[in-house]
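Remarks on the structure that follows.
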Amino acid sequence: MGIKHLYQVIQENAPDAVKAGEIKNHFGRKVAIDASMSIYSFLVAVRSDGQQLMSETGETTSHLMGMFYRTLRIVENGIKPVYVFDGAPPKLKSGELAKRFMRKSEAAEAHEEAKEVGTAEDVEKFSRRTVRVTREHNEECKKLLKLMGVPYINAPTEAEAQCAVLARAGKVYAAASEDMDTLCFDSPILLRHLTFSEQRKEPILEIHLDRVLEGLDMDRKQFVDLCILLGCDYLDPIPKVGPNTALKLIRDHGSLEKVVEAIQSDPKKKYTIPEDWPYKDARELFFDPDVRKADHPDCNFKWEAPDVEGLVKFLVEEKAFSEDRVRNGAARLQKNLKTAQQSRLEGFFKPIAKTEQEKATLKRKHEEKLELQKKKKKEEAKAKKEAKSKPRGAV
């Protein structure tokens with residue numbers, strides 16, 4: 001799930017932190033990809049008539065189709081991926097996982113009902129909500145990656161946290177995930193939409209954490225506190241606290257401790273903190289997650305030549321893929337993994353740090369930009385209100 005409304009908050013308050021571009025812009029870079037999030041998106045997106053793609057024996061193959069062709073696209077654009085798989089979830093996440101399971105069970109019932117009496121759109125909607133990544137999906141994807149010559153790592157717990165470790169250590173350029181909480185784990189750069197299909201024509205979003213903090217005028221602790229307040233996988237959000245309120249509370253009080261204190265001492269009792277709300281434990285999971293250090297042997301990875309006959313045996317003989325397509329894909333993979341050995345020039349240069357004066361100027365310009373945006377929104381809201389209040393037919 002990640003952090004609710006975080007991307008919206010960044011867009012509105014730190015727009016310079018986000019850079020949209022084409023996949024080819026990342027040629028020559030190594031990227032750590034959140035495998036479980038990618039597999040989930042493959043299961044949801046790679047479908048036929050609202051159903052999972054399946055082999056002749058009734059086995060789901062959407063995850064393998066997605067992993068094979070999306071990885072091929074990434075490699076053909078000169079990127080060297082390393083996939084990171086989730087381990088056991090932290091205990092604090094068990095509540096959120098239980099809720100997700102309940103939602104999927106309810107969706108499964110609604111899906112069956114929709115098949116009986118609903119529209120095609122209803123069937124598709126509820127079918128998507130029942131999607132769950134299983135251990136078997138993960139193991140089959142690991143087998144496929146090994147045959148493709150693409151490395152993978154098993155994280156002790158959260159894949160995003162392990163991706164962030166690799167990015168901070170410079171082993172990869174960025175962490176790639178749709179989960180915004182990757183930034184809470186201190187990944188310097190987050191890439192979104194990297195494993196999306198080409199048909200979706202979504203730009204790759206590159207989010208820089210240092211620019212996020214600069215735009216929000218927060219340190220990392222305040223940023224993590226904001227994310228917890230927005231709503232994360234570890235805790236229920238505080239009822240009635242939306243993104244604008246969460247941002248204001250952190251800016252006014254500076255920390256979650258002081259926010260909680262202010263809410264509890266408010267005589268009007270405007271907000272109610274959930275009874276079991278261990279925000280300090282959640283913060284600790286972001287600051288000290290269970291991860292392997294970048295120099296751990298399990299974090300040493302390399303790209304190999306694909307095992308073409310192994311791919312044919314697995315995908316064609318066992319999963320009924322087209323042999324011509326698999327062999328063609330393997331040949332393209334072999335060719336492009338060699339090409340991706342090239343380095344980017346940026347690896348030889350260090351960015352020049354901004355002076356205090358430059359930082360102050362940028363901050364002032366950013367604040368002026370925000371004020372203009374707020375003014376424009378107010379004017380639009382006012383015009384909308386006036387238009388509604390006019391009698392029908394009035395000019």
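Residue 1 is the first one shown; counting continues down the chain.
Heads up, the Cβ atoms here are built off N, Cα and C, so glycines get one too.
From the candidate list ASP233, ASP236, ASP252, the residue Swiss-Prot records in the Mg(2+) 2 site shared with ASP179, ASP181 is ASP233. Site annotation for Mg(2+) 1 in Swiss-Prot covers ASP86, GLU158, GLU160, and the matching candidate from ASP34, ASP186, ASP210 is ASP34. Which of 269-277, 332-340, 341-349 counts as region 'Interaction with PCNA' depends on Swiss-Prot, and there it is 341-349. ASP34 (Mg(2+) 1 binding site) has ARG70 as its nearest neighbour among the binding-site residues ARG70, GLY231, ASP233, going by CA to CA distance. ARG70 (DNA binding site) sits 19 Å from GLU160 (Mg(2+) 1 binding site), counting Cα to Cα. Each of SER36, MET37, VAL84, ALA155, THR157, ALA159, ALA161, GLN162, CYS163, SER177, ASP179, THR182 belongs to the same chain as ASP34, ASP86, GLU158, GLU160, is absent from that list, and has a C-beta within 8 angstroms of the C-beta centroid marking the Mg(2+) 1 site.
Within the same chain, the residues at least 6 positions away from ASP86 (Mg(2+) 1 binding site) whose Cβ sits under 8 Å from its Cβ are ALA35, SER36, ALA155, THR157, GLU158, ALA159, listed in sequence order.
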